[in-house]
């Protein structure tokens, strides 16, 4: 999408900008962008806004890895992110359209019973966004975080990276709990159908891409493998953070602390 045009511009001009003080500033700002977008997405109830904020978080990731002087890695993440985020936006569009143009996720729920194929695409693209191993997002995200672990940066940048990765898992689980686990909350008369074949065909293509394109691009565009030498716990840090985010997201979603929609109060009458 057009949001990544600035990232692409900086990837193309990275030879001009290398070893400038601007890059150190950019590293800090983009790390804070990731952090802020991840936190904001956890407090949103608008489906499109959650996905847009997660895109903002990924853009911060691309910019920060670019400002560490690894442009091909940033480009790799841009391409893999394009696959599953396009799928995610298409699923969100289908869901919003079926929900009678309503974007509030507190109105939705139980979608997996009524529109299984769309929910499948939504879940797989969400999990690829989280960096579940061997999906598309894992290859780029894991490589990026391992290069961060290799570099001699301070604790702040390290914390921002890993905490933002955990937050990604967090709002994904939150979205899954709201959309798939809840009961259907909109009207007593609903018309959910999974038969928009134009959308389904293109979504199936993108689903295929967001499964294979990570390893495929990794074979294609890196002419030499990165030598990454880390201890076991550092190597597993991404998995730890993801599991932590999953656990926390599940717990917080089960605590029923979300602000209840006022429309749902009419069920008590």
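Glycine too: its Cβ is placed from the backbone N, Cα and C atoms.
Any TrEMBL annotation is an automated prediction that lacks curation.
Feature annotation from TrEMBL assigns domain 'NADH:quinone oxidoreductase/Mrp antiporter transmembrane' to 1-166.
Marked as transmembrane segment by TrEMBL: 20-43 (among others).
Annotated transmembrane segment per TrEMBL: 50-70 (among others), in sequence order. Listed as Cβ neighbours of the transmembrane segment (50-70) (distance under 8 Å, sequence separation of 6 or more from its ends, same chain) are residues 1, 3-4, 7, 10-11, 14, 18, 23-24, 26-27, 29-35, 37-38, 40-41, 44, 77-78, 81, 85, 88-89, 92, 105, 129, 141, 144, 147-148, 151, 153, 157, 161, 164, 167-168, 171-172, 175.
Annotation source TrEMBL lists transmembrane segment at 82-99 (among others).
The transmembrane segment annotation in TrEMBL covers 111-139 (among others).
Residues or ranges marked as transmembrane segment by TrEMBL: 159-181 (among others).
Break the domain 'NADH dehydrogenase subunit 5 C-terminal' (171-265) down by DSSP state and the numbers are 62 helix, 0 strand, 33 coil. The domain 'NADH dehydrogenase subunit 5 C-terminal' feature in TrEMBL is assigned to 171-265.
The transmembrane segment feature in TrEMBL is assigned to 202-222 (among others).
Per TrEMBL, transmembrane segment is recorded for 228-252 (among others). Packing against the transmembrane segment (228-252) from elsewhere in the chain are residues 130-133, 141-142, 145-147, 149-150, 162-163, 165-174, 177: each is 6 or more residues past its ends and has a CB under 8 Å from a CB in it.
Counting residues 6+ beyond its ends, the transmembrane segment (111-139) has Cβ neighbours under 8 Å at 54, 58, 76, 80-81, 83-85, 87-88, 90-92, 94-95, 98, 165, 168-169, 172, 175-176, 179-180, 184, 190, 192-194, 199-200, 203-204, 206-207, 209-215, 217-218, 238-239, 242, 245-246 in the same chain.
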